[in-house]
Every structure is written in structure tokens, then in C-alpha cells.
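Enquirer: Taken from Swiss-Prot, the feature topological domain 'Mitochondrial intermembrane' applies to 1-23, 89-120, 193-220, 291-311. Swiss-Prot lists 21-105 with the feature repeat 'Solcar 1'. Residues annotated as transmembrane segment in Swiss-Prot: 24-44, 68-88, 121-141, 172-192, 221-241, 270-290. The topological domain 'Mitochondrial matrix' annotation in Swiss-Prot covers 45-67, 142-171, 242-269. The repeat 'Solcar 2' feature in Swiss-Prot is assigned to 118-203. Taken from Swiss-Prot, the feature repeat 'Solcar 3' applies to 219-303.
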């Protein structure tokens, strides 16, 4: 009696870089990286936004936590959590997905040699292009988040209610009145975030000196977190004045007042020093946030069978 033949196992499908599937997974990785991390630090963001709008509202960050907890309860610490989750998940899709796309397209456009020689410029151009599009996705939820977090009495109990009230009473365009300041804040931030991360990670691999194929997955992820945290500190500093202005514009813009006129009035009221309110907490917040985002994003890429960024 003959032994039945066992059909050979189908060859394992390998994932290819720079394919629609690759960009789709990078987009999903960006959603996971940004949506989860921004949601997790909602209490820090809440205190930061309120201090930007009213510097005297809390004597310090710890006092802010205690005050909110005692007056508004644990739920109060996560005021604005839902628009944060929705908005930054959408932004993460665009930020990381488009960055990978534009980085490859721009590198291909100039050729391999020039792409390496001018790689920092490629990182800057790709990240600026990606953020320009990502902020269009973020802006409505950012406007709702700031309004909910800084209004007293409470503006709305749900994201849907806040959206309805703004659109009905002020018009849909109100949700985008902070887009230009958001670009002013986020594009330099993202350019610094991606370009500095890429170069810091490159420097870390060079400093350690091992061949890249000798690193374990844990080591690669550790390098991504370290590089992300260092890049985040730089991001916080360069983007903070615009972050303050976005908070002010979304909470303190008079009816019929243009964004430029409102920004000029607010600057006259708070001065240059006022643009730096809340910087300390933002450095801690953005450093941790950026490190965690790169950790999640590169962990997801490795899990999908792709190399970590810079590896």
C-alpha cells in the first residue's frame, strides 16, 4: 500500500516594502501609536491647556491634579478624552502613513546617492508634507477638545454634543479656524520629530557599533524609544509658542474676529513670556509621548515583518 503524498506547504508570503500593503500597515501603526498615547496623557494635556488659557488657575501641576480630582472626580481628569482619541488616531494615520510614502517618493525622485547625502532634507520635506495633510484630519477634534477642556461652565458632555453645538451656533468653519495655527505648531513639531529621530537613531546605531543584523528586536525597540524621547524634548521646545496660541485661539477668539487679528490681540495681552506658559509639563509630556509613539510604531512594524525605523 503506497503512502499518500503530503502536498508541500505553500511558500511563506513575504511582505514587501513600499507597497500598498506596507503603507496601509504603517498607517495602522500610526493610528495605534498616536491615538493610544495622546489618550493616555489626557490629564497632563488638560492641565497644560487650562494653564495656557489661565496661567493662575493652578499654582502647580500637582495642585492641578488634586484640584481637578477633588472638584470633578476621576472622570474630570479625562475631560476631552474622546475627541483626543478620535482626532489623534486620525492624525496618526496621516502622519506616519504619509511620511513613509513621501520619504520613499522624494528619495526615488532625487536618486539613491543624493537621497543619502541629503537625507535630513528628505526627512524634513516628507514630514512637513505628511503633517500638512494629517492636521486637516485632526483640526475639528482639536477644536472640540480645547473647547471642552477650557470652558467653564462645561461646554458639552459628549463629543457629539460639542460638535452639534459648534456647527449649529457658530458654523462648520469654526472647527477649522485653528487650522493655520495648528499647522504653525504641528509642522515644525513634526519636522523636528521625524528628522531628529532619524538622525538620533542613526547616531545611536553608529555609536553602539554592531552590525544592524546583530541587534535583537528588544534592542531595536529600545533604541527607538530612546531616540524618540530625545527627539520629543526638542519637539516640545520648538512648537510650544504655537501650542499656547492654538489653545488661546480656540478658547478666547471673539465673534467675527479673524485669526490674525485674534492672534495679535492675544499676543499683546500675554507677551512673549506668556507664549512659554506650561513649557515644563509639556517637555515631560511630549518627551514621554514621542518616545512611546516610536516604541509602539516600530514594535508594530517589527511584528508585521518590517524593519524598525533606521534599523
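Note that Cβ sites are derived from N, Cα and C of the backbone, with glycine treated the same way.
Show me how these features fit into the shown structure, please.
Expert: Outside the transmembrane segment (24-44) by six or more residues, the chain places 15, 61, 65, 68, 77-81, 84-86, 88-97, 100, 281, 284-285, 288-289, 292-294, 296-297, 300-301, 304, 306 with a CB less than 8 A from a CB of the stretch.
Sequence-distant neighbours of the topological domain 'Mitochondrial matrix' (45-67) (same chain, 6+ residues past either end, Cβ-Cβ under 8 Å): 38, 77-80, 84, 146, 149-150, 243-244, 247-248, 251-252, 274, 277-278, 280-282, 285.
Using DSSP to sort the residues of the topological domain 'Mitochondrial matrix' (142-171) gives these counts of helix, strand and coil: 21 helix, 0 strand, 9 coil.
Remote same-chain partners of the topological domain 'Mitochondrial intermembrane' (193-220), defined as residues 6 or more beyond its termini with a Cβ less than 8 Å from a stretch Cβ, comprise 99, 119-120, 123-124, 126-127, 226-228, 230-232, 234-235, 290, 294, 298, 302, 308-311.
Residue counts for the repeat 'Solcar 3' (219-303) by DSSP state, with H, G and I taken as helix and E and B as strand, are 74 helix, 0 strand, 11 coil.
In the predicted model, the topological domain 'Mitochondrial matrix' (242-269) shows an average pLDDT of 81.
Only residues 6 or more beyond the boundaries of the topological domain 'Mitochondrial intermembrane' (291-311), in the same chain, are considered here, and those with a CB under 8 A from a CB of the stretch are 14-15, 17, 22, 25-26, 28-30, 32-34, 36-37, 40, 92, 96, 197-198, 201-202, 205, 212, 215, 217, 220-221, 223-229, 231-232.
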Enquirer: Determine how many residues of the topological domain 'Mitochondrial matrix' (45-67) DSSP places in helix, in strand and in coil.
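Expert: Per-class counts: 16 helix, 0 strand, 7 coil.
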Enquirer: What else in the chain is close to the topological domain 'Mitochondrial matrix' (242-269), if you only count residues 6 or more beyond its ends and a Cβ gap under 8 Å?
Expert: 49, 52-53, 142-143, 146-147, 150-151, 177-178, 180-182, 184-185, 188, 275-278, 282
Enquirer: Tally the residues of the topological domain 'Mitochondrial intermembrane' (89-120) by DSSP class, grouping H, G and I as helix, E and B as strand, and everything else as coil.
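Expert: Breakdown, helix to coil: 30 helix, 0 strand, 2 coil.
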Enquirer: Give residue numbers and ranges for long-range contacts of the transmembrane segment (270-290): same chain, 6 or more residues beyond its ends, CB-CB under 8 A.
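Expert: Those are 37-38, 41, 44-45, 47-48, 51-52, 55, 61, 193, 197, 228-233, 235-237, 240-241, 243-245, 248, in sequence order.
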